[in-house]
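Accompanying notes for the structure given below.
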Amino acid sequence: MAVAPVPLWAVCLLRVALATVYFQEEFLDGERWRNRWVQSTNDSQFGHFRLSSGKFYGHKEKDKGLQTTQNGRFYAISARFKPFSNKGKTLVVQYTVKHEQKMDCGGGYVKIFPADVDQKNLNGKSQYYIMFGPDICGFDFKKVHVILHFKNQYHSNKKSIRCKVDGFTHLYALVLRPDLTYEVKIDGQSIESGDIEYDWNLTSLKKMEKSSAESKDWDQAKDDKSQDWEKHFLDASASKPSDWNSELDGDWQAPMLQKPRYQDGLKPEGIDKDVWLHQKLKNTHYLTEYDLSEFENIGAIGLELWQVRSGTIFDNFLITDDEEYAENFGKATWGETKGPEREMDAIQAKEEVKKAREEDEEELLMGKFGGHDKVFQRFHRRDEF
C-alpha cells in the first residue's frame, strides 16, 4: 500500500507546533511596543529609544526596531515574558542589530535576566543569566560577548569571536544545548562552537566541585567507620570444642566479640593498610549539580549598554527551544530584507556622490565667476586713479 507524501507546508506547520517560543518581538504594531518594554528610571541620564527603520532599510515597516537616540549615554530597557527553565532543553537567543552610525565605541548586545529582575531599576549591576552580542570600541576591540552566569560569577568565553563592523543589519544567534555544547551564528553561518566546560575555562571550577564532593564522601566514610566499629563481629579464632555434640547442643556458632571504641587512625591488628570501599567510590552526582548552561527562572530580555555614538537599531528578538524554528524565523525576517537594504544603501550612496559632485562643480563655477568680478573691480579701481 503506497503512502501519500506529506506536503512540505504540513511539515513546517508541525515543526512550528513542536517549537516552544518563549519570546518573539518584531515591533509590527507601531507605538504599542511601549506597553511591552519598560524603560529603566534608575538614572535620569539614561538614553531613550525610539522606533525606527533608519536612514536605509529593506522594508520600512518590517525593519523598524528599537533605536538609540542620544550620544554618550547609557541605555537600559527590558521586556518581560512568562518565566521558564531551560533545564534539559536547547536554548536559542537570537536578534538583529544594525550599527547604522558605523559604531566607533559601544555595545550592541542583549542580556537575559531572571524573572524577578527589577525593570524600573535596571542598571549595570542588575544580575543577568546571559550576555550575548557584539561590542566595539576603537580599532582593536571588536568582539562577540558570550557571558554565562554560574555559581554567582560571570564567565566569558575564552575564544575571540569577531563581530561585524559595517553599518548593515546582521543576525546574531546563540545556541546552548543540554549536552553542554554551544554554537554562535552570525547571518545564519556558524562562526564558533564547542564545549561549554572548556571554552569558558570552567574545568578548574569543575575540579573544585569534584574535589569538594569527594571530600564530603570521605567525611561520610569516616562517619561510617565510626558506626561500623561499634558493631559486634564473630571471633574468627574460635573453634568448636571437641566435646560439642551437635545433636544435643545444636549447631555450633562462634562467639560474638565487641570492637573497642573507634579512634581515628587506629587500625585493626594484622592489616597493614586500612582500605575502605567508600573511599574508592567516586561521587557521581557532582555533574548533575554542575549546570553550566541551565537557568531555572528565565523571565526577561533587555538592552543594558553604553554608546558613544547613537543610532543602533535592535529588532527581531527571539527566544526559543528549537534551532530549526530560529533558523526559519531568521530567514523570514532578516533574510527577506537584507538584500533590499543593501540595494537602498547603494542607491543612496550613488545619489550622495552625485550630489557632492554637483556641489563641487557649483563651487568651482562660483569661484571662477567670483575671480573675474574681483579682477574687474581691481582694474576699475585702477582706472579711477
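For all residues, glycine too, the Cβ spot is worked out from N, Cα and C.
TrEMBL entries are annotated by machine, without manual review.
Residues or ranges marked as signal peptide by TrEMBL: 1-19.
According to TrEMBL, the disulfide bond annotation covers Cys105-Cys137. For Cys137 (disulfide bond), the Cβ neighbour count at a 10 Å cut-off comes to 15, with all displayed protein chains included.
According to TrEMBL, the alpha-D-glucoside binding site annotation covers Tyr109, Lys111, Tyr128, Asp135, Glu304. The C-beta environment of Lys111 (alpha-D-glucoside binding site), restricted to residues of the same chain at least 6 apart in sequence and closer than 8 Å, consists of Tyr128, Ile130, Met131, Phe132, Ile301, Gly302, Leu303, Glu304.
The number of other Cβ atoms within 10 Å of the Cβ belonging to Tyr109 (alpha-D-glucoside binding site), over all protein chains shown, comes to 22. Sequence-distant contacts of Cys105 (disulfide bond), defined by Cβ-Cβ distance under 8 angstroms and a gap of at least six in the same chain, are Ile136, Cys137, Gly138, Gln307, Val308, Arg309.
In sequence order, Gly107, Val110, Met131, Phe132, Gly133, His145, Ile147, Gly302, Leu303, Leu305 are the same-chain residues whose CB sits within 8 A of the CB centroid of Tyr109, Lys111, Tyr128, Asp135, Glu304, the residues recorded for alpha-D-glucoside being left out. In sequence order, Gly106, Gly107, Gly108, Tyr109, Phe141, Lys142, Lys143, Val144, His145, Cys163 are the residues near Asp135 (alpha-D-glucoside binding site), counting only same-chain partners six or more apart with C-beta under 8 A.
There are 21 other Cβ atoms within 10 Å of the Cβ belonging to Tyr128 (alpha-D-glucoside binding site). Residues Tyr109, Lys111, Tyr128, Asp135, Glu304 are recorded as binding alpha-D-glucoside; their most distant pair of Cα atoms lies 17 Å apart.
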